[in-house]
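Working notes, beginning with the structure itself.
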Amino acid sequence: MNSIRNFCIIAHIDHGKSTLADRMLVHTKTVGEREMRDQVLDSMDLEQERGITIKSHAIQMDYELNGQAYKLNLIDTPGHVDFSYEVSRSIAACEGALLIIDATQGIQAQTISNLYLALEHDLEIIPVLNKMDLPNAIPEVVEDQIIDLIGCDREDIIHASGKTGMGVETILERIVEKVPSPLGDPEAPLQALIFDSVFNSFRGVIAYFKIVNGQIRKKDLVKFVATRKQYDADEIGVLKLGMVPRDVLSAGDVGYIISGIKTAKEVKVGDTITHVDRPCDKAISGFEEVKPMVFAGIYPVDADDYEDLRNAMDKLQLNDASLTFEPESSAALGFGFRCGFLGLLHMEIIQERLEREYDMNVITTVPNVSYLAHLTDGSTQRVYNPSGMPNSTLVNEIEEPYIRASIITAAEFIGPVMNLCLEKRGALVNQSYLTAERAELVFNLPLGEIVFDFYDKLKSISRGYASFDYHVSGYKPAKLVRLDILLNGEMVDALSTLTHFDNAYPFGRRMCEKLKELIPRQQFDIAIQAAIGSKIIARETVKAVRKDVTAKCYGGDITRKRKLLEKQKKGKKRMKQVGNVEVPQKAFLAVLKLD
Ligand code: GTP
């Protein structure tokens, strides 16, 4: 066990994590130069994920220092806030972390949030200043930031470049010297932490784990503590460029298990694997069931595609246990699904995969968060869909989820960033300067306010010089009301939103104005109304067309006429009939683009 080092890399997006990891793989001959180039070529393909390190989740390198052989396990951490629970489990499987910081950019929000996670787990931190080959690197300034942040000595900071290979040898040496070898008792009952899993269409679900105590052998009968399911360990092994089967793995080792698991749902990140015969006393702490935070309806554009959509969703869920969905029907959109996602990025990924991999043509409704409705009869109801919010006369209080957000920005943008957060009902918790020019602002914000256009606004007001990270902190009561939209007196359930009472009137007005722009004129007047309960708070009218649209058809050119008809048919497909009104798809997302 003294020869094992388990470490991860924490970095802000684009600071060079993958490039540096690839360099280490080549340096330790885990991957040949040729294979690496092939990988890079593969990555040109949109369907391929980028880089070996991303695909492999964990990879073992053999490394020799002063005549002694070491096994270095690099455990990958997902890069985005939506997956922060997974990040925390990957970190929990390590004893050390490389903290990579772009020497031209300095510390960013994600650097800090992941660093805090690593410190919580007592990881040894090895600071690395990357991209030192770039002429605009400002090493002294960034070193000052790092020293301030983690209290290391200037000499501890390794200068590196994923591009030239500078510093790679020093990083590997430092990992051996500084990162503690894993503790743990190989004789104790088995306790292994699941930190990730993948779905393989030939082999089923492959779970990745780190053994905290005990040993696991091929063919052992094991159980997963949280799911209480039992499996035979058909194959266990370590991860190099591919999977390398082994007969036994021991405390400190990082490996994989294949045991006939069919769906991703059966493997929960953070769960503990133990033996059926000689189980451990208690599971490894920190297990949490990940819960979706953002919800949206997904509907087929063509009602006939409903079954295909269900199949596609089923397949996606095999891979991705954090995706939830259940059938839902909407008076406006017909039959579809209410889906739960970890966050907005996750939602975008799913939407894109449905379209790209499954060739589905879908309408996604405006995303919302989940609310707790405390009812007058004393019960509490979780609400995933604004149109499902019980009538206000039945509701005592509504609670909504809050996040703690960290924003790092240049001093000149502090004012605008503050204004944006306050406009989004945020409360400033802390403000501190990292250097004279850069500050970190910490806000408590309602999650529901950032699911719309927060990222985009933040980027534009700071001209790209602001980074943002968050975690969910809990539920708080809020004065929310359900705002409904009516077309010619008929409520369109897919357009209902929950909004703060203070914003409801201007919001309702802007919704009506926007819908007036988006709904084409038809043979009759269309009244667009916004309502809270039975009270109408805004109204617009789309005037009827007077001219006959077919007047444009001229002459007897039959092919031209047919083309025109085809075109109209296609146009029709992107419309939904609501009562007697035809509503274009983009109107269902109108609320996202109100400004
Ligand atoms: P994500 O996986 O998206 O979080 O990014 P990452 O942190 O893994 O960064 P990645 O390795 O993909 O590098 C981001 C960009 O920086 C790429 O265009 C790299 O080519 C470039 N890059 C990485 N390291 C260096 C370096 O040391 N020097 C220079 N000049 N460019 C680098």
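Any Cβ shown, glycine's included, is placed from N, Cα and C.
The feature domain 'Tr-type G' is assigned by TrEMBL to 2-183.
Within 10 Å of the Cβ of D14 (GTP binding site) there are 14 other Cβ atoms, across all protein chains. Taken from TrEMBL, the feature GTP binding site applies to D14, H15, G16, K17, S18, T19, N130, K131, M132, D133.
For the binding-site residues S18, N130, the largest tally of other C-beta atoms within 10 A is found at N130. In this entry, D14, H15, G16, K17, S18, T19, N130, K131, M132, D133 make up the residues listed for GTP, with the farthest two CA atoms of the set 17 Å from each other. Screening the binding-site residues G16, N130, M132 for a C-beta under 6 A from any atom of ligand 1 leaves G16, N130. Sequence-distant contacts (6 or more apart, same chain, Cβ under 8 Å) of M132 (GTP binding site) comprise A103, P139, H159, A160, S161, M166, G167. Taking a C-beta cut-off of under 8 Å and a sequence gap of six or more, G16 (GTP binding site) has these contacts in its own chain: I100, D102, N130, K131, G162.
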